[in-house]
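Undergrad: Straight from TrEMBL, here's the annotation block:
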- A:65-177: domain '3-dehydroquinate synthase N-terminal' (DOMAIN)
- A:69-74, A:103-107, A:127-128, A:140, A:149, A:167-170: NAD(+) binding site (BINDING)
- A:179-323: domain '3-dehydroquinate synthase C-terminal' (DOMAIN)
- A:182, A:245, A:262: Zn(2+) binding site (BINDING)
């Protein structure tokens with residue numbers, strides 16, 4: 001087991017990483033101080049792990065709520081199910097929510113915890129690679145709106161993140177690949193040696209080798225924890241984590257939530273960001289090709305969906321959260337391993353990238 | 001004009017109080033820095049003041065959203081209208097929301113601001129007495145749930161509170177009286193001389209005398225600002241502001257939102273809290289009668305609704321936000337002008353009060 005810390009003063013919390021941790025409540029039960037526990041999961045994950053998690057709390061009141069599975073259910077409407085369950089159980093503001101599932105469960109449970117009685121505690125128990133290396137760490141919570149992804153939400157840090165690497169054994173290949181997109185992202189924005197390591201160890205990761213997984217997850221979480229510790233509310237550096245996300249969110253929203261997985265959209269979006277970086281003279285063609293090859297080896301898409309036009313992209317990207325007074329903010333690379341946040345991208349260059357990726 | 005400050009470090013903000021302030025944007029426009037302004041109002045208030053407020057921003061992009069009027073619309077569902085308007089206008093996270101209306105508009109606009117793109121600025125422009133003396137100050141925002149009042153929300157402080165006392169001239173008598181319940185509350189929990197002043201000046205207030213209104217509002221806001229400045233998140237002293245509210249919320253939820261006005265429920269609930277205080281030997285009968293007389297003169301109810309039984313009250317109060325591990329927290333008086341927060345009220349005494357008020 002490895003334990004890292006997200007350093008945020010009196011809101012600091014541990015990230016525990018290791019095999020079988022869901023069945024090791026001795027490691028993490030201290031993060032659940034109250035007597036009332038609500039486990040939030042989904043229809044796919046609940047049959048696999050809900051009983052294990054609930055049995056850790058047989059000395060408390062444990063209630064459960066099982067949500068439908070998928071990004072298309074990450075809505076205010078579905079969130080209502082969590083509030084209904086909390087109020088029917090008459091849980092007070094000293095209760096703790098546990099998010100047992102992927103990024104959708106984590107984001108929604110965290111947002112429910114941020115809002116229930118104006119804020120209660122929660123713990124992340126992520127069971128997908130994407131949630132383990134990215135969305136469960138850092139306190140971004142929320143739901144989607146038909147007109148934009150993650151548009152309604154809150155910053156609300158968990159009390160702990162518990163990553164059981166064994167849950168990845170049951171993860172479908174497509175979801176596993178989607179998580180790899182975010183892992184590769186850390187190499188691209190700030191850790192070139194990690195990119196080298198990923199190229200050398202991709203086969204081991206795809207085979208779900210335990211040691212390789214622990215290393216990749218711990219290295220990803222360390223990157224994220226360091227960035228979040230310095231810029232919790234994304235006033236600067238944290239925006240780097242959104243490499244590929246402005247294009248990617250447009251793909252997710254434009255194709256309908258759930259059609260493309262988040263990580264798939266991020267992979268294609270990252271290829272678009274790298275193409276744009278190359279057009280600005282910051283990246284050579286070999287570097288772009290190197291990354292495309294890595295995504296392809298990971299079974300990730302490297303082109304935009306055929307259904308979206310350049311105009312579609314421009315309209316969808318205009319509501320990105322990083323936009324200010326109509327000016328897009330984009331994350332680009334000035335060389336592999338060196339991400340930058342830019343508000344001054346010439347619209348002609350952006351247009352050229354969109355035209356190259358859209359039909 | 002009077003200006004007070006809510007002292008919360010880098011989140012401090014001014015409260016401006018005076019006649020005609022909605023038409024004096026020079027006083028408060030500095031609290032709206034961005035270029036995108038969304039004015040949220042309701043169908044009753046919009047025809048009266050929306051144009052005045054919008055005209056203050058003819059150099060910016062101003063959009064409006066008009067919600068249905070009433071506590072029964074203070075729901076996640078109605079909140080969706082605000083998010084829809086913000087996203088259709090493609091407003092970014094540097095926009096500012098203005099809450100033009102009573103407590104419902106203020107609570108919902110504040111909560112929308114807390115959640116839109118994980119947090120944007122907002123300004124309170126309260127137009128009811130209740131919102132001016134209580135709900136617009138202090139950053140409590142949220143919506144109701146069928147099973148409990150204000151159960152879903154956030155702490156999110158406004159950038160400024162602008163109180164135009166002239167808006168009270170058009171306020172219906174019943175709503176004005178409801179606001180007086182919260183004014184009287186400040187006297188009861190911490191300011192006995194203010195209670196004396198209110199008894200001496202009630203007729204002037206009911207006649208909407210400008211000088212009397214400004215004094216009552218400023219004194220109320222000063223009380224609230226001091227308490228909030230010391231205990232923003234209600235870990236202690238701030239709970240005193242909930243005198244009468246645990247009983248009152250049960251009345252509002254039990255009778256259906258909007259049947260009783262919030263201030264009416266608080267007045268009846270305060271009478272119940274005083275009855276309970278007397279049963280515990282902390283208040284004499286003359287003091288209880290003195291307060292009942294003041295509420296009656298203000299046209300406020302002093303008895304519980306006939307439709308609620310003692311069991312109804314106990315069930316509804318069990319989900320109060322101040323409850324911890326099933327133990328109710330109640331605000332009581334140990335003498336007029338001295339509120340206390342108690343977690344140890346004997347259930348027999350509570351039961352006796354409920355039996356005395358229920359049929």
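Just so it is clear, glycine is given a Cβ too, placed from its N, Cα and C backbone atoms.
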Undergrad: Would you mind splitting the domain '3-dehydroquinate synthase C-terminal' (A:179-323) into helix, strand and coil residue counts from DSSP?
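TA: The breakdown for the domain '3-dehydroquinate synthase C-terminal' (A:179-323) reads 104 helix, 2 strand, 39 coil.
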Undergrad: Would you find the one among the binding-site residues A:72, A:128, A:167, A:170 whose Cβ has the most company, meaning other Cβ atoms within 10 Å?
TA: A:128
Undergrad: Just name the most isolated of the binding-site residues A:103, A:106, going by other Cβ atoms within 10 Å of its Cβ.
TA: A:103
Undergrad: Drop a 10 Å sphere on every Cβ of the binding-site residues A:69, A:182 and tell me which sphere holds the fewest other Cβ atoms.
TA: A:69
Undergrad: Considering every residue in the domain '3-dehydroquinate synthase N-terminal' (A:65-177), what is the mean pLDDT value?
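TA: The average pLDDT of the model in the domain '3-dehydroquinate synthase N-terminal' (A:65-177) works out to 97.
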Undergrad: Name them in sequence order: residues not among A:182, A:245, A:262 whose Cβ is within 8 Å of the mean position of the Cβ atoms defining the Zn(2+) site.
TA: A:130, A:134, A:181, A:185, A:244, A:248, A:263, A:265, A:266
Undergrad: Among all the protein chains here, how many other CB atoms are within 10 A of the CB of residue A:262 (Zn(2+) binding site)?
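TA: By my count, 28.
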Undergrad: Relative to the Cα of residue A:106 (NAD(+) binding site), which of the binding-site residues A:182, A:245, A:262 has the closest Cα?
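TA: Sorting the binding-site residues by distance from residue A:106 (NAD(+) binding site), the top entry is A:262.
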Undergrad: Would you mind sorting out which of A:69, A:103, A:170 (the binding-site residues) have a C-alpha within 10 A of the one on residue A:262 (Zn(2+) binding site)?
TA: A:103
Undergrad: Measure the Cβ-based neighbour count of residue A:245 (Zn(2+) binding site), defined as the other Cβ atoms within 10 Å of its Cβ.
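TA: For residue A:245 (Zn(2+) binding site), the 10 Å Cβ neighbour count is 26.
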